């Protein structure tokens, strides 16, 4: 039973990444090592964020169970570094726009999956007792995959000169929401009192809306179907 539970969690967490890699065309372009490079850029970006937080935004004491809105806001503001990192990654790769943001988003999401969820799944999901939190963690990793690809697409769209000017405020707003999503999640947990499943559903809904809007704006670019270069 333990092995069955662990196998289900691993399959739910990792198989969608393999499917996206195979079906998105990345495999045809032999983009595996480029995705690894994007993952390395993710690790370097997180290290820079940690140093920045430790230097300029030291942790403050808060009451148990309380929410330090100012501290969380500053931490979420540092997440702008992720947008810069994604932009730099995509600027290093030559090719169609779809290939660029898929490589960046795929590498970013996979690195996050390995760093933040590999050990919890490996150590926890093999426990004697069944716990739904590891299933939720697997579903959350799939949401993160869509989230990172959508954010990479938005960063790519923001840098396009042929993007409709009416779409630019939407791109900026969505990028801002993406950066401050952890703060929004914390507020929902503290103020609204969402349960773990409802919170997961809210994340899925938010990510789906951002992804659909991003895809619509991507399809509105005339050159995206042919030689869409950065």
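Each residue, glycine too, has its Cβ placed from N, Cα and C.
Bear in mind that TrEMBL entries carry predicted annotations, made automatically and left uncurated.
Keep in mind it's a predicted model, so treat the numbers as computed, not measured.
Copied over from TrEMBL:
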- 99-119: transmembrane segment (TRANSMEM)
- 139-158: transmembrane segment (TRANSMEM)
- 170-191: transmembrane segment (TRANSMEM)
- 197-219: transmembrane segment (TRANSMEM)
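Highlighted: of the candidate stretches 99-119, 170-191, 197-219, 99-119 has the greatest count of Cβ pairs under 8 Å to the transmembrane segment (139-158). Counting same-chain residues at least six beyond the ends of the transmembrane segment (197-219), those with a Cβ under 8 angstroms from any Cβ of the stretch are 97-98, 136, 139-140, 143, 146-147, 149-150, 153-154, 157, 163-164, 167, 170-171, 174, 177-178, 181, 185, 188-189.
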